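Asks: Structure incoming, see below.
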Amino acid sequence: MNYKIALIRGDGIGPEVVNEAVGVMEAVGKKFGHTFTFVDVLLGGCATDAVGKSYPDGTAEKCKSCDAVLLGAVGGPKWGSDKPAEQRPETALLAIRKDLGLYANLRPAALRPAMLDACPLKKETAEKGIDLMMVRELTGGIYFGKRDKYQTEDRGIECTDLMAYSEKEIERIGRRAFELARLRRKKVSSVDKANVLETSRLWRSVMHRLAEEYSDVQYEDVLVDNCAMQLVRDPGQFDVVVTENMFGDILSDEASMVTGSIGLLPSASIGDTAPGLYEPIHGSAPDIAGQDKANPIATILSVAMMFRYSFQRAEEANAIEAAVDAVLAEGWRTPDIAESGVKAIGTKEMGRLIREHI
Ligand code: IPM
Ligand code: MG
């Protein structure tokens, strides 16, 4: 097969980690007989610097002409919240999610076998294992609701952000979660705030309907505050966790931290038709950019997700994951995951070792 891949290298450490991921992709291509056509797409702070806006015209069309999109990281203090919206990298990120219809954000948080010691939780909790899949709704809710800012007579300025969800939006993300659970340990935990929010009560009623339909999958409702607590108390209880956009944003950061390193975790954003977008869950880390210090593993594992979810190529995905696990088991570490006293290796060396194992 020839796959056409859009590369959004982005800002900070983005270009470095994408380089290593591309190298791994090529190694996989060699082994399994695939070729790749890469299309560079400008997006983020680097786009603001080059053309004055973070989401240049034609970005979505360019991505839509490809089979999948790989993104490094975007953002940085240079394009902060004091800048106009069209110059901010976050604006571009939300726009591309919406324009490509990427409503399902899959964020696996798994404790890799060689990384048991990195888990900040109690040893007996870590030993039970952590392997959960956060399924975050990505194109609705408060992120995309109507915003307002106005002057009041007696209370100064007032702002509102509307959180809206339709049955249709809830059902399609719910289905994704149940389908994924069928391929895993067959458990769905649906997270909401139904004791307070109307959107959550609708969310819950739609999920209950689906739970009846997918009666082979174990189902539970979890209130978001309780979920935040359970994630640090006993994350091993979760298999698939499905939730709305903002709860998912917050809980996925928490889930990533309990596995020890945000530098190891990939993500996939998928819709029904457009190409999926794959990216590490970490940010652009401008403080270490250009110094060969970044951990390329999260981006490399994002490529594994690309093979699995966009190309239905589980064998290639498994090969990448096995190579990462082998390199970690041999003790190789980038600075972010190196224990004190252990000599760390650079971004490029980590990429080379993983390629060698493929
Ligand atoms: C994420 C990020 C983004 C989000 C920001 C950068 C807009 O935190 O992908 O989780 O909130 O979705
Ligand atoms: Mg986030």
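Here the Cβ of each residue, glycine as well, is placed from N, Cα and C on the backbone.
Annotations for this protein, taken from TrEMBL, read as follows:
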BINDING   Arg97, Arg107, Arg136, Asp225  substrate binding site
BINDING   Asp225, Asp249, Asp253  Mg(2+) binding site
BINDING   Gly283, Ser284, Ala285, Pro286, Asp287, Ile288, Ala289, Gly290, Gln291, Asp292, Lys293, Ala294, Asn295  NAD(+) binding site
SITE      Tyr143  site 'Important for catalysis'
SITE      Lys193  site 'Important for catalysis'
Asks: Can you tell which of the binding-site residues (Gln291, Asn295) has the fewest other C-beta atoms within 10 angstroms of its C-beta?
Replies: Gln291
Asks: Show which residues of the chain containing Tyr143 (site 'Important for catalysis'), separated from it by at least 6 in sequence, have their CB under 8 Å from its CB.
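Replies: Correct list: Leu94, Asn245, Met246.
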Asks: On a count of neighbouring CB atoms within 10 A, which of the binding-site residues Ala285, Ala289 is highest?
Replies: Ala285
Asks: Relative to the mean position of the Cβ atoms of Asp225, Asp249, Asp253, the recorded Mg(2+) site, which additional same-chain residues have Cβ within 8 Å?
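Replies: Apart from Asp225, Asp249, Asp253, the close residues are Val224, Ala228, Met246, Phe247, Gly248, Ile250, Leu251, Ser252, Glu254.
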Asks: Could you give the Cα-Cα distance between Ala289 (NAD(+) binding site) and Asp253 (Mg(2+) binding site), in whole Å?
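Replies: Each residue's Cα considered, Ala289 (NAD(+) binding site) and Asp253 (Mg(2+) binding site) end up 21 Å apart.
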Asks: Measuring Cβ to any atom of ligand 1 with a strict under-6 Å cutoff, which of the binding-site residues Arg107, Asp249, Ala289, Gln291 qualify?
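Replies: Asp249, in sequence order.
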Asks: Which residues does Lys193 (site 'Important for catalysis') neighbour through Cβ under 8 Å, counting only same-chain ones at least six apart?
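Replies: Spatial neighbours, sequence-distant, of Lys193 (site 'Important for catalysis'): Ser200, Leu223, Val224, Asp225, Phe247.
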Asks: Across the record's substrate-binding residues Arg97, Arg107, Arg136, Asp225, the largest CA-CA distance in angstrom?
Replies: 27
Asks: Which of these binding-site residues (Arg107, Arg136, Ala285, Gln291, Lys293, Asn295) have a C-beta closer than 6 Å to some atom of ligand 2?
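Replies: Checking each Cβ against ligand 2, none of them comes under 6 Å.
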Asks: Under 8 Å Cβ-Cβ from Gly283 (NAD(+) binding site), six or more apart in the same chain: what's there?
Replies: Gly12, Ala73, Gly75
Asks: Nearest of the binding-site residues to Arg97 (substrate binding site) by CA-CA distance, picking from Asp249, Asp253, Ala285?
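Replies: That would be Asp249, the closest of Asp249, Asp253, Ala285 to Arg97 (substrate binding site).
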Asks: Give me the non-local Cβ neighbours of Asp253 (Mg(2+) binding site): same chain, 6+ apart in sequence, Cβ-Cβ under 8 Å, ordered along the sequence.
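Replies: Non-local contacts for Asp253 (Mg(2+) binding site): Ile262, Ile281.
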